[in-house]
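Novice: Here's a structure for you.
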Amino acid sequence: MGTGGRGRPTPGLNVYEVFLSLQGEGKFVGEPQAFVRFSGCNLRCAYCDEPASRSSRRRALIRRVSGEVELELPVPCGPEDVVEVLVELEDLEDTFGTVSLTGGEPLVQPWGALKELIERLRERGFRVLLETNASLPDRAPLIDELADVVSADVKLPSHGPNMDDFPDRCLRFLERISAEVYAKVVLVDEECYQHAESALKGLHRLGVEPIYLQPATGSEHDLEDLWELAGLVNADVRVLPQVHKLVDFIPR
C-alpha cells in the first residue's frame, strides 16, 4: 500500500478486476483501453450490468485481451500495485493509452488511495477516464483537477429505489467540474423519458456535451420517441446503446 500523511499507510483500493478491451459506451466507444473496475457502489440501479462488482473479491483478476487471467492481485491493494500491473499489461499488449476507472463506483474508494492512483497513472503518461454515477457532489472538487475526462452517468428517479433527488444531485456534481466531461442518460422504459427531458435541460443549462442517450440493453424503444428526445435541446445529443453488449468484447 502507499503511504499517507505522517507516514501512515494509505488505505488500499478494492479492485474487482483489471482488463483490456474496447470502450463500449459514450464518447470513446471503440477505443482500446485498460479498465480498472472497483468493487462497491452507493447505488442499486435496476439496470446495473455489473451487479457482482457491488461486493469485493479477495483477489482481483488481471486479464489480457484474450480474457486469459495473467495474474491475481490481493485485495485491498495499493495504488502502486495497480499501476505496476497496468505497465506490465502495456508491455505485453502495447495498444492502449487510456485507463478507464469504473465500477461499481470509483468515488466510494478511499480518497487518498484513489488520488494517488490517478496521479501515478498520469505521471506514467496514461490518460485517465473516470466513469462515475455523479451522485456524490461533495467528491467532485476532489477529482476535478486529477482526471483527464469525466463520464457522468446521470441517474433518473425511475432507475432505482430512493432516487427522486438524484438528477439534481448529478447536476450539482457537474456544476463543480471544470475538467472535460460528457454525460450519459440511460433509458430503461417509458417512465424514463419524462425525467430524461428535465435532465437534458439541466445538462444543457450547464453546457455539458456531448450527451449520450443510452437505451438499456434488452429494452424496447420507439424511434420517434428517441428522435424527439434527442432534439429537445440545442446541444450535441446522440443515441448510443452499449456496443459491448451488441458485440461481446468484454473478456470473461
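Glycine residues also receive a Cβ, built from the backbone N, Cα and C atoms like all the rest.
Sharing the feature lines straight out of Swiss-Prot:
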| type | residues | note |
| --- | --- | --- |
| BINDING | Leu22, Gln23, Gly24, Arg37, Thr102 | substrate binding site |
| BINDING | Cys41, Cys45, Cys48 | [4Fe-4S] cluster binding site |
| BINDING | Gly104 | S-adenosyl-L-methionine binding site |
| DOMAIN | 28-251 | domain 'Radical SAM core' |
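Show me how these features fit into the structure around them.
Specialist: Residues within less than 8 Å, Cβ to Cβ, of Gln23 (substrate binding site) and separated from it by at least 6 positions along the same chain comprise Val29, Gly30, Glu31, Pro32, Gln33, Thr98, Ser100.
Its own atom aside, the Cβ of Cys48 ([4Fe-4S] cluster binding site) has 15 Cβ atoms within 10 angstroms in the protein chains shown.
Remark: Gly104 (S-adenosyl-L-methionine binding site) has Asn14, Tyr16, Arg37, Phe38, Ser39, Gly40, Cys41, Glu50, Ser53, Arg54 as non-local neighbours, by Cβ distance under 8 Å and separation of at least 6 in sequence. For the recorded site, Gly104 (S-adenosyl-L-methionine binding site), the DSSP three-state label reads coil.
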Novice: Rounded to an integer, what is the Cα-Cα distance in Å between Leu22 (substrate binding site) and Cys48 ([4Fe-4S] cluster binding site)?
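Specialist: Here the two Cα atoms are 19 Å apart.
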Novice: Expressed to the nearest Å, what is the distance separating Thr102 (substrate binding site) and Cys48 ([4Fe-4S] cluster binding site) at their Cα atoms?
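Specialist: Pair distance, Cα basis, whole Å: 13 Å.
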Novice: How many other Cβ atoms are found within 10 Å of the Cβ atom of Arg37 (substrate binding site), counting all protein chains shown?
Specialist: 21
Novice: Do me a favour and check the Cα-Cα span between Gly24 (substrate binding site) and Cys45 ([4Fe-4S] cluster binding site); whole Å is fine.
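Specialist: Between the alpha carbons of Gly24 (substrate binding site) and Cys45 ([4Fe-4S] cluster binding site) there are 19 Å.
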